[in-house]
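Colleague: Attaching a single structure in structure tokens format; questions to follow.
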Amino acid sequence: RVPLRKGKSLRQTLREHGLLEKYLKQHPFDLAAKYFRSRITAEPLQNYLDNEYFGTISIGTPAQEFTVVFDTGSSNLWVPSVYCSSPACSNHNRFNPAESSTFISTNESLYIAYGTGSMSGVLGYDTVTVANIEVINQIFGLAETEPGAFFYYTPFDGILGLAFPSIASSGATPVFDNMMMQNLVAKDLFSVYLSKDEQSGSFVLFGAIDPLYTTNGITWIPLSAETYWQIRMDSVSIGGEGIACAFGCQAIVDTGTSLLAVPDRALGAILSILGANSNGEISCRAASTLPSIVFHINGKAFPVPPSAYVLESNGYCTVGFQGMDVPTESGELWILGDVFIREYYVIFNRATNMVGLSRLP
């Protein structure tokens, strides 16, 4: 069990430095680049300005500690290295291979492109410790460049991907796959709980399901693709009326995306129904009167109430939706990020290739 903590919103950090408006103009969010370029060479961007959950791992012998996002929307592990001279590395922990007796170098390079920047570096092998689990000979990226401002302001050092090997850059074996192959977990699954309202207690649990969070039962949903944790949705409704995904659509359950990312056409309808402006801003006083948004998946309803999707920061209220337009062969794509996950205990089962959802007590 790895405890997770929630960091200050990147939006809030940039606003405090007077950089938010400039940043938004320079870096419009590009989810098409985020997800579908990553099928070839790129790894998804983990966070667009809003809060993120992260925990601590260590790499090497003796251990060097790093704060990472445990991300079900990507498959690579990487951290900054001492070879990195980018400003984004200067204020984060950096791995020094010379100080690890178990490090094995390679001549392989790693490049990961993001909608707001990129990272590049080299691949190496070392012992990676996650909670009390020691994964030996784990391949990971040592970042040598992290251009741009995005990573400079993030509260985490690197990223630990928990998706499938099929989308790993440079063919690197993901950490959880090595956990399974080295028989380090009791079951081939992991589960995630994200707390609400600044409460503590968030965690990712490897190899087990915590029964305290499944008292309302588990709904198991088969994956529609073994890339991301991708499932099929039946429809999306508000107030009993269908608003999108009328003929079914695809959805990715992604701990590394803070918001609910929805097709542009659906976003317009949602904002209109909720009374939000085109930027998603809404009156904080109206938040409590808004309806739930209901995701119909595998024949069951999964509501997300306004207490989950209305985000308040320094007196500003916005709805936690981000527009995108990413067509797929099987219909439109939605991304069920932290706004959705906070309402459910989520189990990612590699033994059955299913996602389990349990309404939190």
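From the backbone N, Cα and C atoms, a Cβ is placed for every residue, glycine too.
Just lifted these from TrEMBL, have a look:
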- 53-358: domain 'Peptidase A1' (DOMAIN)
- D71: active site (ACT_SITE)
- C84-C89: disulfide bond (DISULFID)
- C245-C249: disulfide bond (DISULFID)
- D254: active site (ACT_SITE)
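Give me the lay of the land around each of these features.
Modeller: The 10 Å shell around the Cβ of D71 (active site) contains 26 further Cβ atoms across the protein chains shown.
The local packing around C84 (disulfide bond), expressed as other Cβ atoms within 10 Å of its Cβ over all shown chains, amounts to 22.
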Colleague: Over the span of the domain 'Peptidase A1' (53-358), how high is the average pLDDT in this prediction?
Modeller: 92
Colleague: Which one is it: of the recorded positions D71, C245, C249, D254, whose Cα lies the shortest distance from the Cα of C84 (disulfide bond)?
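Modeller: Looking at Cα distances from C84 (disulfide bond), the smallest one goes to D71.
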Colleague: Roughly how many Å lie between the Cα atoms of D71 (active site) and D254 (active site), rounded to a whole value?
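Modeller: Approximately 7 Å lies between the Cα of D71 (active site) and that of D254 (active site).
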Colleague: To the nearest Å, how far is the Cα of C89 (disulfide bond) from the Cα of D254 (active site)?
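Modeller: That separation, Cα to Cα, works out to 25 Å.
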Colleague: State the Cα to Cα distance, in Å, between D254 (active site) and C245 (disulfide bond), rounded to an integer.
Modeller: 19
Colleague: Give me the count of other Cβ atoms within 10 A of the Cβ belonging to C89 (disulfide bond).
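Modeller: By my count, 23.
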